[in-house]
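*Asks:* Below is a structure I'd like to ask you about.
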Amino acid sequence: MESSSTATARHTCLKLEIPSTDPLFVKGTWFDTHFHLSVTDGLRAWLCNATEEEVQERAAQWDQPVAEYIELAERYLEFQQPGSVYQFVDAGDDHKRLSWTFEREGTKLEWRWKFQPSNDSRKITAGILDFLMDANINLSEEVVRKTQSFEKLKLEAEKCLEQSERFTNEKMEFESEIYAKFLGVLNSKKAKLRELRDQLSKQEIAGKASVDEEESTDKTESYHSGSNAEESEEEADKKITSSSKDIPAGRGRGRKRATHFYVHQSHKRLFFYELASSDFSDSSLPIFEFIGSIRHCCIRTHR
């Protein structure tokens, strides 16, 4: 049981500087439910052994769990807290009282513990000095290890920096080379595109020229066709007029109406001539009297 308590013990040592007094060294041994304190000024020593019952009673007075009470006491006796007032005063019968102040919920409070004189001050003082020497040695070794680790990290950092610079230079060289190759490919592609664009422009110009030529040819053909159709129409009108003049006048036996159509086709046009008669004679079959008017219809057809 005692070995397990020793295994979980934590040790602290505080150099306490109180105005108008010599510096004091406060050594603490902390457990989960109790603690031990020893104070020396180099000549005399005092002891305080806080039992579990005393710690529980003090914690209950402050409405705190035991673990929280011990943690707060350890914090103020491990390092001298700024803003806290420390005192180590007489308590009668060569006893001493160690106190320190702290704030809780805006209220300034004070904790006090009573110390009794040690029967062997030399042993207590030597134990505190041994603890300080061991702590100093451990700190020195820790400083050496940290220094070596720092130097190693510094060398690694320098190597990393050198490697980073090398990678940066290689990256820049690689990018310059790639950009140069890409620029050559890009220029060749641009030249090829310009060549294709020129060819396409030439083909478009040639196509437009051929289309214009075909349109002009169609206009010329339509012009000649129109002229021929008009001439044919005039000739047909003349023939009909001459035929009507050659028909003799006479009376028939009755009034009948006969309609004859003369169709003339010229290129895209169809010409219809309707002949209307009032009287005609059976004896003159090829010849009939032309009475009335000639109605002329022109129907145009398209391809």
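Cβ from N, Cα, C; glycine included.
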*Asks:* For the record in TrEMBL, which of the ranges 93-149, 150-206 is the coiled coil one?
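*Replies:* Range annotated as coiled coil by TrEMBL: 150-206.
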*Asks:* Just give the helix, strand and coil counts over the domain 'XRCC4 N-terminal' (24-118), going by DSSP.
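*Replies:* Its residues divide into 23 helix, 47 strand, 25 coil.
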